[in-house]
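Here is the structure we will look at, set down as structure tokens.
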Amino acid sequence: MADLEAVLADVSYLMAMEKSKATPAARASKKVVLPEPSIRSVMQRYLAERNEITFDKIFNQKIGFLLFKDFCLNEIGEAVPQVKFYEEIKEYEKLDNEEDRLHRSRQMYDAYIMRELLSSTHQFSKQAVEHVQSHLSKKQVTPTLFQPYIEEICESLRGDIFQKFMESEKFTRFCQWKNVELNIHLSMNDFSVHRIIGRGGFGEVYGCRKADTGKMYAMKCLDKKRVKMKQGETLALNERIMLSLVSTGDCPFIVCMTYAFHTPDKLCFILDLMNGGDMHYHLSQHGVFSEKEMRFYASEIILGLEHMHTCFVVYRDLKPANILLDEYGHVRISDLGLACDFSKKKPHASVGTHGYMAPEVLQKGTCYDSSADWFSLGCMLFKLLRGHSPFRQHKTKDKHEIDRMTLTVNVQLPDAFSPELRSLLEGLLQRDVSQRLGCYGGGARELKEHIFFKGIDWQYVYLRKYPPPLIPPRGEVNAADAFDIGSFDEEDTKGIKLLDCDQDLYKNFPLMISERWQQEVVETIYDAVNAETDKIEARKKAKNKQLCQEEDYAMGKDCIMHGYMLKLGNPFLTQWQRRYFYLFPNRLEWRGEGESRQNLLTMEQIMSVEETQIKDRKCILLRVKGGKQFVLQCESDPEFAQWLKELTCTFNEAQRLLRRAPKFLNKPRAAILEFSKPPLCHRNSSGL
């Protein structure tokens, strides 16, 4: 029966994988719904205050670029050539060999430069033209050939064209998407969890599918009780910090994180899914690798380490078991539990796996940085070639003996190793950091330029164009059977109680990596959600075309902000009523959907603006003269933050003006005014 359950778990998992690759959006069991266009009023202020609506910020986001491009192609004829040229350059930069780059660069020169020069319409500088002409004439077609044009294209788009985008419906759509992004609160309900694929000291790793996009991930779940029992809180929090550091920027050689969240019992990391097994497993199945095969893995691992070191992260646990293969055979470095940020202070702790730890790591109290990873790389490459660590002779398991050898023994390399390989390993395995390859000040560049990697095109490596020596079997899970992986004994943690102070440690644990979320959305549901939203908005416009539109009412007045909020209504204050609010310098107005009657509360009647909580939801409490109070709730985190801020600032400014105003202005007034028609509003209503 257990065997049957294992087979069914594997089949279910593999089917989910195949369907997610073919049509991930079709596999989505939850729908992403964009908020109404009126969200723009709040989101524009929210993003502007955080410096998030500059040209560079929007243009360099995946969703921002797509919307800006769409706007230019459909609305701004003069910008079409620049945008198309920009996209061509980006595609050119991805080309992996010189012949293709030469062919494409000549085509681009003819289409976007020469044609405009002949018609005297070329808008770019003489220096940019001469740069490309000079390099093309010498057939020097590096990936950065058109870089001067990238800079000038961006400069030409960031002025009036970007300002027009900011006034367009495409910017409104950008605000809608950003509202969704900034209001993500994940739980287990947002994932379909499949079979277990691994287990570590604190928890398990599962294959899972994200419910709203259909994308497959690995979910690493750490048991909070087990973490507490082993006093591993610092390690767990450190892993989340290290993953957040290395998961920004595009690095295809690290198992990166897209989300982190926690439940009352678990800490969850949502990571890149690797279906090809680990190098330790394949070493046992395949046997040792040849120099050529090892060179392939070394080159990809070097780029992974280079990315980490650029982020000032030292990995500290490089070994075959932590190198995972994807389904095509390319590798990524996984498990950053022991990684450390050395940007401000160098570590000195003795951590890692015996047989791979650098001498300076073993010497307690000695500070080190990325140097430790280059020594570990030498140990790991030796194992791929010989089947054991250079300091683990005769299969000894005595950790002290392994450490002693690491600190004292000069590694004897086999005669069968080529001179180039011997030079590489001797350089990496230097006990003296100052003499070690990668530690002269050039970092990964020193390894890339080593004779062992002669002929390697590192751009080709980065684009994963070299054929892997080993391709994991298709249609298999490439992980141990779920029953072989086993499970934790619940009795171990039976006496462990999680207290409020334990949970407080994880209050800042949730995280979402913006660029990775946007990439996930664009790959899966972006077009479908936009199309559906366009239909909904078109129907609403057709239905409400005779009614006074929200933005029309606010336009031309000194309305600070407007948008939907929920107001606690009815005589017993038990029902939430959705209303549209307008904040002016001297009043707050609101009305129900489709209503012409306008309610008004002046700043003079408000006694305080406070933050409160109702059923674990943050709310805004307005205390009004006469003992009344208004409770408002927002539909997203950014809306709550901005409404609370603007209401507080407006109230404080109104109170300041009231204190300076003549006393006759302080005569009692009705707390709430109702109008059958919208009140008259002058262009400047700051007078009280």
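Backbone N, Cα and C define each Cβ position, glycine as well.
Noted in Swiss-Prot for the protein shown:
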| type | residues | note |
| --- | --- | --- |
| ACT_SITE | ASP317 | active site, proton acceptor |
| BINDING | ILE197, GLY198, ARG199, GLY200, GLY201, PHE202, GLY203, GLU204, VAL205, LYS220 | ATP binding site |
| DOMAIN | 54-175 | domain 'RGS' |
| DOMAIN | 191-453 | domain 'Protein kinase' |
| DOMAIN | 454-521 | domain 'AGC-kinase C-terminal' |
| DOMAIN | 558-652 | domain 'PH' |
| REGION | 1-190 | region 'N-terminal' |
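Helix first, then strand, then coil: DSSP counts for the domain 'PH' (558-652) stand at 16 helix, 52 strand, 27 coil. Of the recorded residues, ILE197 (ATP binding site) and ASP317 (active site, proton acceptor) place their C-alpha atoms 20 Å from one another. Around the Cβ of ASP317 (active site, proton acceptor), the number of neighbouring Cβ atoms within 10 Å comes to 22. Of the listed binding-site residues GLY201, GLY203, the Cβ environment within 10 Å is emptiest of other Cβ atoms at GLY201. It is 18 Å from the Cα atom of GLY203 (ATP binding site) to that of ASP317 (active site, proton acceptor). A C-beta separation below 8 Å, combined with a sequence spacing of at least six in one chain, links VAL205 (ATP binding site) to ILE196, ILE197, GLY198, ARG199, ALA218, MET219, LYS220, CYS221.
With DSSP states grouped into helix (H, G, I), strand (E, B) and coil, the domain 'RGS' (54-175) comes out at 94 helix, 0 strand, 28 coil.
The separation of ASP317 (active site, proton acceptor) from GLY201 (ATP binding site), Cα to Cα, is 15 Å. According to DSSP, the residue listed as 'active site, proton acceptor' is assigned to coil rather than to any helix or strand. Most other Cβ atoms within 10 A: among the binding-site residues ILE197, ARG199, that distinction falls to ILE197.
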